[in-house]
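S.K.: Sharing a structure, written as structure tokens. Questions coming.
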Amino acid sequence: MKITKICCIGAGYVGGPTMAVIAQKCPDITVTVVDINQARIDAWNGEDLDKLPVYEPGLDKVVAEARGRNLFFSTDVNKAIDEAQMVFISVNTPTKTYGEGKGMAADLKWVELCARQIAAASTSDKIVVEKSTLPVRTAQAVKDILDNTGGGRKFQILSNPEFLAEGTAVEDLLAPDRVLIGGDPGPEGQEAIEALVSVYAAWVPRERILTTNIWSSELSKLTANAFLAQRVSSINAISELCEQTGADVTEVARAIGADSRIGPKFLKASVGFGGSCFQKDILNMVYISRSYGLTEVADYWEQVIKMNDHQKARFAKNIIKSLYNTVNGKKITFLGWAFKKDTNDTRESAAIYVADHLINEQAQITVYDPKVSEEKIYADLEYLNTRSPEEIRRLVKVVYDPYEACLDAHAVAILTEWDEFVDYDWQRIYEAMLKPAKVFDGRNILPHEELRTMASAYSPSERQYSNY
Ligand SMILES: NC(=O)C1=CN([C@@H]2O[C@H](COP(=O)(O)OP(=O)(O)OC[C@H]3O[C@@H](n4cnc5c(N)ncnc54)[C@H](O)[C@@H]3O)[C@@H](O)[C@H]2O)C=CC1
Ligand SMILES: O=C(O)[C@H]1O[C@H](OP(=O)(O)OP(=O)(O)OC[C@H]2O[C@@H](n3ccc(=O)[nH]c3=O)[C@H](O)[C@@H]2O)[C@H](O)[C@@H](O)[C@@H]1O
């Protein structure tokens, strides 16, 4: 089947960039991205490409090329579903905050709503593609709903999880390591798989398009995120050991990464991983394992999260300890709030939890992030529900100039590895800070030796994850 019309439900961090790239690479396919969030759709349609709802390097150019040609953003969900041959579900699947599985299971409310809406809006047969990250066997639930409420239309369900990382979404989409498509083994399932393979084959080499059964595809996505997060927790565990023993975690990472079986990527010690997915997907896997009675499997993966929580808390405790066991009334400057560089996304960012810990101790936090707004930072802290909006505004200030942020600070903490932080005039920052000036490099990006030379007050104990 030749696909000429695609609808994608969900215009978020995945739906927006993924569909923009499909539209750019397949000019003969009309791609309509729909969302119930009017403001988000308006922003996707906005004149100013600097204000797209998702900040990703290179995304503005892709959108500029395809939008209005064969890429459209709309809130008319039913119309877009009905017109399409293939409907992607790319809605949020956060951790449940209520009821059975609270704090562990994925909340599939929005996915189920999509399935019901697809069933109700379709006047012809459809291929429905799970793009959201879902618990293994969700396709069965989606199929049940479609088959029982779809008025006799035929639906083929495919799983096509997304592996892009934020900050590099466009390059990941343009040159993916692999595209994964899972589907039903029968002839109709295979035909649906082939239809989606042909879409990607417009720019992805065929040998990089993997096809599997649907359960393998669903589970591979959770497994990939669990393995990646596990590497970060593993190197972070080693960072604590390095701090006690005189080993340098950067050197250890380089040494082990040179082993081709281990490989050099994803071995950067940090203040802890963040982002909307690692924690949620591992918790989901832990929940699924427990539900099958697989206690050891569940406990094994849960440890990745526990180590990450430990790393975030450890960073905050280290700041307090180094500032003579009290941060009450002290100005601590956060450089970075996003969960990683080159994104405006702050979901589950380590900065939120470190800030919360320090605010408990009545620290005065000043935040500078090149891409995150004041409203977002306050909203992140309010979402924790640990204190009133008034108290948050009293203890946390957001500024848009890094040098102003560091003025009269007792300590500067690097929470995100933005490239620009490395290029700052650190002599100037040192001079503007209160003495003894402390720098806590939660990303290990600064030239520590240079800092120590330029100002003897930058003492070795102030550096978190290596000791020269
Ligand atoms: N953010 C990321 O980098 C990655 C996310 N994923 C997965 O992709 C899925 C989506 O994630 P994001 O794009 O980050 O989420 P997001 O929250 O940025 O976007 C989801 C969008 O879906 C919309 N939506 C929800 N229910 C809807 C409905 N019934 N009808 C129309 N629109 C609806 C929301 O308004 C929102 O704009 C999740 O399952 C996530 O785990 C997978 C790979 C990478
Ligand atoms: O399912 C998802 O949402 C996505 O999750 C991650 O992508 P993302 O969270 O956008 O970003 P990563 O580059 O994986 O970083 C995640 C977190 O780990 C941290 N990290 C990463 C690598 C590292 O070596 N050290 C480290 O602390 C980052 O700073 C960040 O906080 C995966 O890399 C993607 O393949 C996946 O599609």
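Each Cβ is built from the backbone N, Cα and C atoms, and glycine gets one as well.
Copying in the features that TrEMBL gives for the protein in this structure:
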BINDING   10-15, D35, R40, 91-95, 132-133, E166, 277-280, R347  NAD(+) binding site
BINDING   162-166, 221-225, R261, 268-274, 339-340, R443  substrate binding site
ACT_SITE  C277  active site, nucleophile
DOMAIN    333-448  domain 'UDP-glucose/GDP-mannose dehydrogenase C-terminal'
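Please go over these features one by one and say how buried each is and what sits next to it.
M.R.: Secondary structure at G10 (NAD(+) binding site), as computed by DSSP, is coil. Sequence-distant neighbours of G10 (NAD(+) binding site): residues of the same chain at least 6 apart with a C-beta under 8 Å from its C-beta are V33, D35, F88, I89, S90, V91, N92, C114, K131, S132.
Of all Cβ atoms in the shown protein chains, 23 besides its own fall within 10 Å of the Cβ of E162 (substrate binding site). DSSP assigns E162 (substrate binding site) to coil, not to a helix or a strand.
Residues near C277 (active site, nucleophile) in space but far in sequence (CB under 8 A, at least 6 apart, same chain), listed by position: T133, N225.
Residues belonging to the domain 'UDP-glucose/GDP-mannose dehydrogenase C-terminal' (333-448) score a mean pLDDT of 96 in the model.
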S.K.: Please count the residues of the domain 'UDP-glucose/GDP-mannose dehydrogenase C-terminal' (333-448) that DSSP assigns to helix (H, G, I), strand (E, B) and coil.
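M.R.: The composition, in the requested order, is 46 helix, 19 strand, 51 coil.
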S.K.: Could you round the CA separation between F339 (substrate binding site) and Q279 (NAD(+) binding site) to a whole angstrom and send it over?
M.R.: 13
S.K.: In sequence order, which residues at least six apart in the same chain have a CB under 8 Å from the CB of A165 (substrate binding site)?
M.R.: D172
S.K.: Where the criterion is a Cβ under 6 Å from an atom of ligand 1, which of the recorded positions Y13, D35, A269, C277, F339 meet it?
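M.R.: Cβ < 6 Å from ligand 1, in sequence order: Y13, D35, C277.
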S.K.: Report, as a single number, how many Cβ atoms besides its own are within 10 Å of the Cβ of Q279 (NAD(+) binding site).
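M.R.: 21, counting other Cβ atoms within 10 Å of Q279 (NAD(+) binding site).
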S.K.: To the nearest whole angstrom, what is the C-alpha distance linking T95 (NAD(+) binding site) and A269 (substrate binding site)?
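M.R.: A Cα-Cα distance of 26 Å.
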S.K.: So for E166 (NAD(+) binding site), how many other CB atoms are inside 10 Å of its CB?
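M.R.: Its Cβ has 24 other Cβ atoms within 10 Å.
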S.K.: Where Y13 (NAD(+) binding site) and E162 (substrate binding site) are concerned, what is their Cα separation in Å, rounded?
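M.R.: Answer for this pair: 11 Å between alpha carbons.
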